[in-house]
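Novice: Below are the structure tokens for one structure; questions will follow.
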Amino acid sequence: MKNGIAECPACHSKLVSPGSKTISRAYDDHKIRVSSKQRVLNVLLVVGDCMLVGLQPVLVYMSKVDGKFNFSPISVNFLTEIAKVIFAIVMLLIQARHQKVGEKPLLSVSTFVQAARNNVLLAVPALLYAINNYLKFTMQLYFNPATVKMLSNLKVLVIAVLLKMVMKRRFSIIQWEALALLLIGISVNQLRSLPEGATAIGIPLATGAYVCTVIFVTVPSMASVFNEYALKSQYDTSIYLQNLFLYGYGAIFNFLGILGTVIYKGPGSFDILQGHSRATMFLILNNAAQGILSSFFFKYADTILKKYSSTVATIFTGIASAALFGHVITMNFLLGISIVFISMHQFFSPLAKARDEQQQNGNLELGNTKDTHRANESFINMAAGANEEASHRGESDDRTPLLPR
């Protein structure tokens, strides 16, 4: 076996080894057989993600009154999780009604209990997301919406490191250089002095901003990678059932946060609807739609694509914040965005793929060509074709994602 490709001793054809850990099939192998309809769907998902992610900082900014929030950010996160739970239940009911005869019922108690046990790892990203969602509001106290989006792009580098460690994904030198370009683009946008003064919580602005930035980058990066790992490790489980567990855990953690606020501030803070406005209602719907869309990225695509998709939303955020709130679009911002787009093009370029990935895809296509030629010969000799088919009964299912073991 070489580079994850095994050679059949009987016919010397190339086959993907089910034990290979170099490249995850969830990332690469499915892209070879992507249909035109799925490509269109992926484009629509990216466009929708850009709009939702780009609109979120604007809605958060609109929710502030005199630079402060009259509502509890935890209450917004809790209502968002409740909205996503309702969506998951509705979609699960619809999926159950369209099940074929003989399939294991999705709504049976045994199926639910078994799926809950298999997907208990989703509690980890749910907790991290609960922390991150609160940090999104805190970051708005330090930066304008466009800057928040630029800072969030720092997550890509942290995610890449975590993917290499957790998912065993390999990146080429060109892809690492693309990530470095991304950091340069973000830095160019930040080449201006921070305003002086103190924040509402009494911490010097520079210190508070740096601390929040480190947490704001690290926590959601870990949440995204662990979420992707948990979703892909139970690939055969319905995504709506997995989302039900993920959002259920999230609602529990946010409710515990509300109880903690009640203990700290008193019973008056238990009113989760206090201080909400029309802008916060749109914010809740936007956050819910964004979370639902993210789950499809994590299960059927990958986290890097999701984060680069969110990067494109920076343009929308910058233009919207300038039009609605009068924020100035600086030359640094335009230069930073240009560098970010160059980075994105370089990262996803076919020439930037890791050498092992190129060899695997080339060997896989060569193996498929040999198999096709051999199948044509077996049409003449049916007995030989039957023997050859029997020799490959052990090949793994292409639908099963290859995760580190």
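Here the Cβ of each residue, glycine as well, is placed from N, Cα and C on the backbone.
Residues annotated as topological domain 'Cytoplasmic' in Swiss-Prot, with sequence analysis given as evidence: 1-39, 95-142, 192-199, 265-280, 343-405. For 40-60, 74-94, 143-163, 171-191, 200-220, 244-264, 281-301, 322-342, the entry in Swiss-Prot reads transmembrane segment. Sequence annotations record features per position, and here Swiss-Prot assigns topological domain 'Lumenal' to 61-73, 164-170, 221-243, 302-321 based on sequence analysis. For 389-405, the entry in Swiss-Prot reads compositional bias 'Basic and acidic residues'.
Situate these features within the shown structure.
Specialist: In terms of DSSP secondary structure, the topological domain 'Lumenal' (61-73) contains 4 helix, 4 strand, 5 coil.
Same-chain neighbours of the transmembrane segment (74-94): 106-107, 130, 133-134, 137, 238, 240-241, 243-244, 247-248, 250-251, 254-255, 257-258, 261, 272-274, 276, 280, 283-285, 287-288, 291-292, counting only residues six or more beyond its ends whose CB sits under 8 Å from a CB of the stretch.
Residue counts for the topological domain 'Lumenal' (221-243) under DSSP, split into helix (H, G, I), strand (E, B) and coil, are 18 helix, 0 strand, 5 coil.
If one looks beyond the topological domain 'Cytoplasmic' (265-280) by at least 6 residues along the same chain, the residues whose Cβ comes under 8 Å of a Cβ in the stretch are 59, 62-63, 69-72, 75-76, 78-79, 258.
For the transmembrane segment (281-301), the list of distant contacts is 42, 45, 48-49, 52-53, 55-56, 59-60, 63, 76-77, 79-80, 83-84, 87, 129, 133, 224, 227-228, 231-232, 235, 239, 242-243, 246-247, 309: same-chain residues at least six beyond its ends, Cβ to Cβ under 8 Å.
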Novice: What residues elsewhere in the chain lie close to the topological domain 'Lumenal' (221-243), defined as a C-beta under 8 angstroms and at least 6 residues from its ends?
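Specialist: That would be 24, 26, 84, 87-88, 91-92, 95, 106, 112, 115, 118-119, 121-122, 124-125, 128-129, 132, 155, 158-159, 162-163, 166-167, 292, 294-296, 298-299, 302-303, 306-307, 399-401, 403.
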